[in-house]
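A.B. asks: Could you have a look at this structure, given as structure tokens, before my questions?
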Amino acid sequence: MALHIPGVIAVMLFYILILGTGLWAARKSRKAEMKSHGSRTEVALLGDRNIGLLVGIFTMTATWVGGGFILGVAEAVYSPKMGLIWALMPLHYMVSFIIGGLFFAKPMRDKKYVTMMDPFQIKYGNVLSGALVLPSILVDVLWVSCTLLGLGATMTVILDLPYAYCVWISSAVAIIYTLLGGIYSVAYTDVIQLCLVFLSLWLCVPSLLLNPISTNIAQTAFNHMFQEPWVGTLEQDKVWKWIDDFLMIGLGSVSFQSFHQRTLSASSSRTAQLTCYAAAIAIAILGIPPALVGAVGASTDWNLTLYGSPSPYVRGEPSLILPLTLQYLTPSYISIIGIGAVAAAVMSSTDSALLSATSVFSSNIYKNILRKQASDKEMQWVIRLTVVVVGLVGTCITFYTNSPLVLWILGADVSYTLIFPHLVTVLFFNVTNGYGAMVGYIIGLIVRILLGENVVGLPVVLRLPGCTLEEGVYVQKSPVRTVSMLCTLVTILVFSSLAFFMFNHGLLPERWDIFKVKRNVTTSVDPITQNLKEEAESDAECDVNINGVPLQPVM
């Protein structure tokens, strides 16, 4: 197969368009810095908290509709062992956005946090919050890998370009415009990218559904023709796993920094909530085309195509089903349009993950722990350097796996089992303290490791009810991620309450209280009362002359 010249030209034009938009947004960012009363760091990371509703909806939706989303949904629908019933990622994210809008967007935006990790740092201090930051950064790095992997695989199949070239060029484009304009470049390029994703995907669907080689997907939905029906089945012993996956993605996505970066950059709390609700509808619509692509792939006799036999699943290439269907079942110009969809989706998610990891590191680690006296100019260079480092690390990971779905699930697993229970407790349970958070972190991590994960080769040590031995490997049938998450959540609350009781009843000496539980409780003042007290003190200061003698009222 020769190099696809028209496709390469189309991709180059797309990259030029995205870079141009990113440069324009970078100029807008510099103007915002000049007008802003806040720090340059806040402008770079949150757009001076001035992102409007329309742009917010675009950037929120585009962040989640990435290469992992598009290729992952198509792969799940096509895979004979999964099917549509296991490819509910659009529904998962829809639920996640609604929950985020109802419970998380307003309290986070009202308190004007810079990152999702700020409440941890305020309540637990720098050391413990630093440990909690690590899983958040890991999730974003894996997300970068996941999205770039999807694009590299698609461009390799359709354009016949070397995989390494595709990944590194795409990564370089995303890194350049992200470090130039920060959240403004990310948000405004997301508008262009989401429009391209929507138009490109839906333009490909009619050609795929009407191609003469594939059987009508309505016939293969419930009938075994070339493989198992693409709707899939939910066997009784996998019900708990299905529920586990649903909760992991539906709730775990709320604890992604990328989600909170969009709500925190909104122009108001109300705008942040409306952004979540509108994005929930948009992402459900955008999940339909990749599901149809997977269905068409499952309804095709691949022996009748130039791809030949055996099928992609038998060859171990289910993750490539979207580019393969575009390449072998549609005209050349349609496959180029499909490349545009995947490229746009990847760019929109890669830049978001880059900025997300950068925000957490620069704000919560560098500024608050390593260099508290860092100037705005210094922070700008830290942000740029972090964008480059995260991009390089994420790109390198793409060469160690061939399935974006694996990286996607791994990132969601870490977010759900470790970060989500900590976020819930720190925001909604006043009793939470550093002792409970520390023990919960340790126990939650240990439990999750012991429960195992076959996807990444982690053996099962702690076998839950229903665990079976299949082909020499133990397979958990219980909802292991939810069990791990609940262990973390309960541990945090129990040990926080225990520490609270023991320090405040004299069962432990106060000198052992490294997290200042006793002091926080005994000296805590209601915010309204504190404000009144400060105003009274301010008035009193106005009534004292320079010598410290109270001034007498003029009669």
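Even glycines carry a Cβ here, placed using N, Cα and C.
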A.B. asks: Scan 188-216, 333-361 against TrEMBL and say which stretch is down as transmembrane segment.
C.D. replies: 333-361
A.B. asks: With the transmembrane segment (333-361) as the reference, find which of 51-78, 162-184, 381-400 contributes the most Cβ pairs under 8 Å.
C.D. replies: 51-78
A.B. asks: For the transmembrane segment (6-26), I need the partner stretch with the highest count of C-beta pairs below 8 angstroms, choosing only from 51-78, 84-105, 162-184, 277-298, 381-400.
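C.D. replies: Comparing 51-78, 84-105, 162-184, 277-298, 381-400 against the transmembrane segment (6-26), the winner is 162-184.
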A.B. asks: For the transmembrane segment (162-184), what are the same-chain contacts with Cβ under 8 Å, counting residues 6+ beyond its ends?
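C.D. replies: Apart from its flanks, the transmembrane segment (162-184) reaches 15, 18-19, 21-23, 25-29, 32, 43-47, 51, 144, 148-149, 151-153, 155-156, 261, 265, 343, 346-347, 350-351, 354-355, 383-384, 387-388, 391-392, 394-395, 398-399.
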A.B. asks: Same-chain Cβ contacts of the transmembrane segment (126-150) under 8 Å, 6 or more residues past its ends?
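C.D. replies: Residues 66-68, 70-72, 116-117, 120, 167, 170-171, 256-258, 342, 345-346, 349-350, 353-354, 356-357, 360-361, 364-365, 368-369, 390-391, 393-395, 397-398, 401-404, 407-408, 410-412, 414-415, 418-419, 422, 434, 437-438, 441, 515 contact the transmembrane segment (126-150) from elsewhere in the chain.
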